[in-house]
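To keep things clear, I will list the structure first and then write my remarks on it.
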Amino acid sequence: MKGSIIGAGQVGMACAYSMVIQNTLDELVLHDIDRNKLEGEVMDLVHGIPFVEPTRIRAGELADCAGSDVVILTAGAKQRPGETRLDLVQRNVEIFKGLIPALMAHCPDTLLLVVSNPVDIMTYVSLKLSGLPAGQVIGSGTVLDTARFRYLLAERLGVDPRSLHAYIIGEHGDSEVAVWSKVNIAGTPIGELSPDWDPAYLGDIFEQVRNAAYEIIRRKGATSYAIGLGVTQIVQALLRDQHRVLTVSSLTQGEYDLPEVCLSLPRVVGRQGVERTLAMSLTESERKQLHRSAQILRQVIDSIRW
């Protein structure tokens, strides 16, 4: 399997490193406008190949991405401290207006995995600019937010996060929605697992999830390790046809009467991309929050200067 990463910044290289050490691809092409830095990153990465299962890695131009089973987009303007993901929109739209058509000239049938922020908007932009079927354009969405949510809850409950079912849906950003009504371990709802939990404490967990990126950016400038692992999980689900349920961002198809946007819902991910969406039953409050999240994204989409 061949994959390409567009953008060799901290996120792009974290994705590359994670995929290499997990033997995800046979061939990996990396592309960046800063050729000198790109070549240095590739040199550093290939020198570790003797320690893992081999992957063919090289720096390349967009033409070298031809034949990629998946192309991962991490390129774009960097989120500044205090800047929301949505503030990034127009700067990254301008970058993608040149990038996506050029990429499609070489990879007309690829799976496109968008990681650049604001990811839901950039997934929508990539879909419209690429002309690919909706299921083949996927955003990393709230995969990372869901992981953060599960980690914090599992720490409190003293279980492995992989044994806890919990989801963050909607925008990957300030309007994201915690689906508290579906949090469970082995089918047991959270209220039965820990009935003495203070609602304020639960609210604090969600605030930690929602503000995590801002806190990390304030301290170290960017998030990288966790999203690299999350992207690897998505790529493995795609290329290994795992039919794995992940909260990726994709075009809405009438679920919950939402407007046409890209946002995250639990979706079955396999070799064809997003294969179907699992429409969970939500409480009235969760539905309202999800609609609010979708409306915020729709307003941003409507403001884009194409």
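Just so you know, glycine gets a Cβ as well, placed from its N, Cα and C.
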Please identify which of Val11, Val177, Val179 is recorded by Swiss-Prot as part of the NAD(+) site containing Asp32, Lys37, Gly76, Ala77, Val115, Ser116, Asn117, Ser140.
Val11
Between His172 (active site, proton acceptor) and Ala77 (NAD(+) binding site), find the distance joining the two CA atoms and give it rounded to the nearest Å.
17
If we check Cα distances from Ser140 (NAD(+) binding site), which of the binding-site residues Val119, Ala147, His165 wins as closest?
Val119
Do you know offhand how many angstrom separate His165 (beta-D-fructose 1,6-bisphosphate binding site) and Ala147 (substrate binding site) by C-alpha?
10
What are the sequence-distant neighbours of Thr223 (substrate binding site), meaning same chain, six or more residues apart, C-beta distance under 8 angstroms?
Val11, Leu144, Ala212, Ala213, Ile216, Ile217
Is it possible to get the count of other C-beta atoms within 10 angstroms of the C-beta of Gln79 (substrate binding site)?
21
